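Below you'll find the structure, written out as structure tokens, and then a few comments.
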């Protein structure tokens, strides 16, 4: 933006991302660790996505949503980590105002999509366990695609709203973002104008994007738990809890870190803690998701093994 273009424009043309650490030696360690995490995350999630596409046994609604979640995880970590690795290599930690807004938009788009997709997965488990006789009709392909399309529409609206609202703020003074990617709480701290409306908007969005899905997920699993407890077979109970346990683990990790990150606004004292939460949101969670689903799910393990064996046999 032009520094002299008026009070309703930002005077800051670029931001400085301070990153996780300041020491050059520690930056080298961070580079290696995050590059490894990125490769593991992309490889693991693409493997699960490939397995759900090529393995006929996994052509079910649950694995349709799991494949979408894997694609989202790849996108989420790609929005933040490659840029951070590039900053470490080039020793240039600046990011333009426009690039910062773009990164923020896509991060909130993919994170918002995660919220609704995890809710759709809980609804799928509710129908499969509590309404098994009507499951095939209530969760047919049309319903699956509608749920995904509505999730994308809601997430896009949320991300676009935050991005447009951020452009109304003035950034005229400090431009050092105490984080390794652009996010709302850290940018609010740098604004020269009042962020009260933006924080209220973020609070309202958190209630809609996180609060409502959490209520729906909890309600679904209350019914699921009641139905599972009525199953007489020990093996049946074990299988039901196994398919639900992976999803519940991912939900707890995702919402636990997300709520902490966006409910502690305006506090400079917690900014270093925000970095750790950001690592969980952008890196650890996407990396753990394929491990959680594959380690606890024999169907996914078998499909991954057949995909890998088939690939090796072709080579």
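Cβ coordinates come from backbone N, Cα and C, glycine included.
According to TrEMBL, the feature domain 'G-protein coupled receptors family 1 profile' maps to 44-293. The transmembrane segment annotation in TrEMBL covers 29-51, 63-85, 105-123, 143-165, 200-229.
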Cβ contacts under 8 Å made by the transmembrane segment (63-85) with residues that lie 6+ beyond its boundaries:
17, 19, 31, 34-35, 37-38, 41-42, 45-46, 48-49, 52-53, 95, 103, 106-107, 110-111, 113-114, 117-118, 120-121, 124, 144, 148, 180-181, 250, 282-283, 285-287, 289-290, 293, 299-300
Could you tell me the mean pLDDT over the domain 'G-protein coupled receptors family 1 profile' (44-293), as a whole number?
87
Cβ under 8 Å to the transmembrane segment (200-229), counting only same-chain residues 6 or more beyond its ends: which ones?
112, 115-116, 118-119, 122-123, 125-126, 129-130, 154-155, 158, 161-162, 165, 184, 237, 240-241, 244, 248, 251, 255, 258-259, 262-263, 265
Using Cβ atoms and a strict cutoff of less than 8 Å, what residues sit near the transmembrane segment (105-123) while being 6 or more residues removed from its termini?
62, 65-66, 68-69, 72, 75-76, 79-80, 147-148, 150-152, 154-156, 158-160, 162-163, 181-184, 209-210, 213, 216-217, 220-221, 247, 250-251, 254, 258, 281-282
